[in-house]
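Enquirer: Quick paste from TrEMBL:
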{"type": "COMPBIAS", "residues": "421-441", "note": "compositional bias 'Acidic residues'"}
{"type": "DOMAIN", "residues": "18-149", "note": "domain 'Nucleotidyl transferase'"}
{"type": "DOMAIN", "residues": "319-403", "note": "domain 'EIF2B subunit epsilon/gamma LbH'"}
{"type": "REGION", "residues": "409-441", "note": "region 'Disordered'"}
Amino acid sequence: MNFDVTPVEVVTREFVVVILAGFGNELLPLTGEHGDEPCPKGLLPISNKPMLDYPLSWVEQSGIKDVLLICPSSHRPAISHYIHSQSSSASFSSVHIDLQTFDESQELSAGTCSVLRHFANRIKEDFILIPCDFIPPPSLPLSKLLNKFRTDTISDGSIVTSCWYEHKPDKLATPDEWGSPVQPTPIVWDHLTGTLLYVDSPHETDKNSDELELRMSLLSRYPQAKLSSRLLDSHVYVCKRAVLDLLAQKTRFDSLREDFFPWLCKLQYQSTKREKYATSIRIGIIIHRADDGFAIRVNNLPAYLEANRHIVTENEMHQFVADTSIGDFTRVEEKSTIKKSTIGKHCVIGKMVKIVGCVLLDHCVISDGAKLDGCILGNSTTVGSKAVLVGCVTQAGYEVKDNESVRHEKLDISDWAAQPEDSEGDVEGSAGEEESDEDED
């Protein structure tokens, strides 16, 4: 009888994923509180799937098992419920999610560098930083970034691999009141080695907004470097653990993209400064082209509307018509028309309603004869009969009165609560404003 004991191999973790789910101030009033309950950005639905589903699915497909999910303290109950719900647990059964909170207020949010410093003791290995709002295409698996990082770290000791993407926005314009879409950041990279060489920063823009200043040492070392002002930062970074050590030294840095990475880029071709740090500081880059698949960061209202228009999840809703998604348990009455829209779960759409190019979150009630065009309605929004909304965004729980007409507004509860109770006066005032707008046009 053989009593030899086979030694147990200890499998070390190669990566941990860090997902950041902040307040989402750029998506107000959608992320404003509904009564006493918060409306976490990470749980806003995109084509009737919580936003967090997209990065978590991306991570699970890569084979990574461990996720550190960081959110504000006030969002913990809602996100914890989502993680442990039956549908979420079944979807991500192979992923272990460690939910941690960071004390901050909606008025004063901490930068990414501060958050990483705070949780550095929980990150013992190389890590992948992913925002909760990045929607990757099937043609960009996370394994592509990981393989680039592995190759670069072995060949030349790269410390970070970044991912930038090309985006062709919808031709349909959104109201100026919603805010402007995020503009591309000018960058310089070497396509032969896949190295990010320069990232424009607010500091550089303030010094000279008309021209891009590049050092001769950069151009002499990388004579075939390329410049682009059409790429967006996905804010997905595969990082060596040493990044946290550098952040511990550079306590003044708040933003990775605006502070830390522009500084790292300069070190790559400034040998005197590079010698101060006992680690390689090359930054790798992967570029995803728009023709290879739709990618987007849902970090503003125009992007949220655009993402819903593009992404249709067939398994989680009934396809009412070819270009529209209808959530479970939603009722649509007779003679209503819905085009190019996403309708959430448990909604009620009355008779003779017209909805075009809209996103309705769960539990919305649209009364008979109402018309909606290019709107985003927060959870439990109620729209009165024959009301007209064009290019509006509502906070959860907002109520639009019968016959009310509103164009290009962000509607939050404080505005609604401040309105006088005389509904007839409100209707006449709204109609008068509408006629005035038309006269000006």
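Residue positions begin at 1 at the first shown residue.
The backbone N, Cα and C atoms fix where each Cβ goes, glycine too.
Automatic prediction, not curation, is the source of TrEMBL annotations.
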Enquirer: DSSP on the domain 'EIF2B subunit epsilon/gamma LbH' (319-403): how many residues come out helix, how many strand, how many coil?
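Expert: Secondary-structure composition of the domain 'EIF2B subunit epsilon/gamma LbH' (319-403): 0 helix, 36 strand, 49 coil.
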Enquirer: Within the domain 'Nucleotidyl transferase' (18-149), count helix residues (DSSP H, G, I), strand residues (E, B) and coil residues, in that order.
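Expert: Tallying H, G and I as helix, E and B as strand, the rest coil: 52 helix, 31 strand, 49 coil.
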Enquirer: Report the mean pLDDT of the predicted model across the domain 'EIF2B subunit epsilon/gamma LbH' (319-403), rounded to a whole number.
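Expert: Summing pLDDT over the domain 'EIF2B subunit epsilon/gamma LbH' (319-403) and dividing by its length gives 93.
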